[in-house]
Amino acid sequence: MLVTEQIDALRAVIREHRQQGKRIAFVPTMGNLHNGHLTLVREAKNHADVVIVSIFVNPMQFDRAEDLVNYPRTLSDDCALLEQEGVTAVFTPTPAIMYPQGLETQTFVEVPEISYLLEGAMRPGHFRGVSTVVTKLFNIVQPDVACFGQKDYQQLALIRKMVRDMTMPIEIIGVPTVRAEDGLALSSRNGYLTAEERLIAPTLAKVMGWIGEQLPARQTAIPALITEAADKLNSAGFRTDAIDIVDAETLLPLSGQSTEAVILMAAWLGNRARLIDNLVVNLRATTR
C-alpha cells in the first residue's frame, strides 16, 4: 500500500491502474478512522478495482481554530487499518501541499443556497471549505466513484449537487450510517465523551426515532414537536444545538409536495462533543 503526501506520486500510481482498465474508487476522510470509515472503504471496494483513501484535516472547513488544533490525528493507526482493508493508496497531503498560496488567496468552490442552510447558517464558510477541498481531491484522484457517509446528510447533499452542477463524471454513493449496538452513530467526536457521557449519548438517536414516529401525524405542528424533542434532550443532559425537520431532497421547509422529510439533529454533550445524527422519514407512512 502506497502512503504519500505527494500529488505526482499518487497520480502516477492511479495512472498505472487506469492504463490497465481498472475502475477507481475514492474515500475522502480526515483520519481518526473508525468502523464507519472502514464501512465506506468496503462499500468502495464493491464498486471498483482500486480504492484510494485520503487523510487530510482540512483547515478551510474549520470555523474555530481550537477545533482544528485539537482534531485527533492518528495517521499510523489509520494506515494500519487501511492496509488491512486492502486499500491501494493513502493520500496524506499537508496544508502546504493542498493550499500552497495559503487560504486567503485560494480559489474556492461554493454551492449556492445549500451551503448556508441549516448547519451552514451556524458555521459560515464551513461548507465552502468542504466543497473546495473535495473538488481539489476529485481533480487529483479523478475517481469513477466516491463514497460518503449519510451521517453527514447535508454534506452528502452538497456534494451530490456540486458534482451534478459541475458535470463531474463521478458516481457519488451515500453509505448508511454505522451505529454502535446502543444506536449511537459512530463518529470521531465520540472519542471526546467521558464514560458517563457515553452512556447518555444514545439518547440522541432515541429522541430522533421518537420524532420520526410522531412526524407523519404532526406535520402541521412541527415547532411544538421540535420543542418537545429539545426538552427531552436537555433533560437527559444534552445542550440542544439544532433540530431541523425539512424536505429530504431540497433541505427546504416541508411543503404539501414533500414526500420525505429528514430530521437533522445536533447537540452538545459535555464540553467537547457536538454530536450529529439524521433520519429520513416517509411522510406518507400509515400512522399507528
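Quick reminder: no glycine exception, Cβ is built from N, Cα and C everywhere.
In Swiss-Prot this protein carries:
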type     : residues                      : note
ACT_SITE : H37                           : active site, proton donor
BINDING  : 30-37, 149-152, V178, 186-189 : ATP binding site
BINDING  : Q61                           : beta-alanine binding site
BINDING  : Q61, Q155                     : (R)-pantoate binding site
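Positions of the features from Swiss-Prot, shown on the structure.
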residue	record	DSSP class
M30	ATP binding site	coil
G36	ATP binding site	helix
Q61	beta-alanine binding site	helix
Q150	ATP binding site	coil
Q155	(R)-pantoate binding site	helix
V178	ATP binding site	coil
S188	ATP binding site	helix
C-beta crowding around M30 (ATP binding site), within 10 angstroms: 18
Between G36 (ATP binding site) and Q61 (beta-alanine binding site): CA-CA distance (Å): 21
H37 (active site, proton donor) CB neighbourhood, other CB atoms within 10 A: 26
Fewest other C-beta atoms within 10 angstroms, as judged across L33, V178, which are the binding-site residues: V178
Rounded distance in angstrom between the Cα atoms of S188 (ATP binding site) and the residue listed as 'active site, proton donor': 10
Surrounding CB atoms that lie within 10 Å of the CB of G36 (ATP binding site), all protein chains: 21
Cα-to-Cα gap, H37 (active site, proton donor) vs V178 (ATP binding site), nearest whole Å: 9
Neighbourhood of Q150 (ATP binding site) by C-beta distance under 8 A, where only residues 6 or more apart in the same chain count: L156, G174, V175, P176, T177, N278
Fewest other C-beta atoms within 10 angstroms, as judged across Q61, Q155, S188, which are the binding-site residues: S188
Length of the line joining the Cα atoms of V178 (ATP binding site) and Q155 ((R)-pantoate binding site), in Å: 17
